[in-house]
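Take a look at the structure set out below.
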Amino acid sequence: MLEPKVWREAAAQVFFALGLGFGGVIAFSSYNKRDNNCHFDAVLVSFINFFTSILATLVVFAVLGFKANVINEKCIAENSEMIIKLVKMGNISQDIIPHHINFSAITAEDYDLIYDIIQKVKEEEFPALHLNACQIEDELNKAVQGTGLAFIAFTEAMTHFPASPFWSVMFFLMLVNLGLGSMFGTIEGIITPVVDTFKVRKEILTVICCLLAFCIGLIFVQRSGNYFVTMFDDYSATLPLLIVVILENIAVSFVYGIDKFMEDLKDMLGFTPNRYYYYMWKYISPLMLLSLLIASIVNMGLSPPGYNAWMEDKHL
């Protein structure tokens, strides 16, 4: 919680979820009527995003917990069979096994009890037995993030679901629709200001932007694509996005003027917005964003950029 990277990624997640810094929200709002209640829209979108994030959190951790539980049960079953073999071979005495233990239907608590007993009795010889602790906490701590969460952890968990092909198809359809929905706002944020400024045909510009984005995206489907995804995600999405949002905040609050902006809102809404927004836009938000930016830059200076690479000669 004290690492700047955690807060930078949390801020980036908020920016991605609400579409801040991309220009999409501004582009869509430019189509509103002058007397549109933008205050209600902003509060409504924020609450919908909040509850959607809570729902997504519950789903993600439920699936990861299910996956960890399945893997832990498999680990207990395999190690229980190993203990039975060791007992038959005489490496472990039958007398140290509690009489109530039933290896054909062993529970996690019973396995923990047997594991602790064997570890205490076979203190010096225990490493040679190659038994695993099978702690579900260890599996939960191995939870991946980023692309690995969607394409590795979730897909592996869904293989254990009833009717797994159906859920796999639904999951990847969801990912495709999520990507398309995200790109609508991003492309609109690029196209709208260009069309309004240079008066070019929107259809032609849309095709050019999509083809250019497609060509750039081809680098992500190479064998080394995951490294490009990591670099783009860490160094071209989070920090630049934070800088863009800071500049937007400064432009509205200090360049255009927060007092003038509040008057515009009063003229548009028909009432004066709460002073809470005034102080947040002018003092709290810029201060917090600048502090986060400075902490992120200092942290990146102390720990040079890098990523974990797979080396073939060390994994053969």
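The backbone N, Cα and C atoms fix where each Cβ goes, glycine too.
What TrEMBL says about this protein:
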- 12-31: transmembrane segment (TRANSMEM)
- 43-64: transmembrane segment (TRANSMEM)
- N49: Na(+) 2 binding site (BINDING)
- 166-191: transmembrane segment (TRANSMEM)
- L178, S182: Na(+) 1 binding site (BINDING)
- 203-221: transmembrane segment (TRANSMEM)
- 241-258: transmembrane segment (TRANSMEM)
- 279-302: transmembrane segment (TRANSMEM)
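Annotated features, which come from TrEMBL, shown on the structure.
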{"residue": "N49", "record": "Na(+) 2 binding site", "Cβ within 10 Å": "14"}
{"residue": "L178", "record": "Na(+) 1 binding site", "Cβ within 10 Å": "11"}
{"residue": "S182", "record": "Na(+) 1 binding site", "Cβ within 10 Å": "14"}
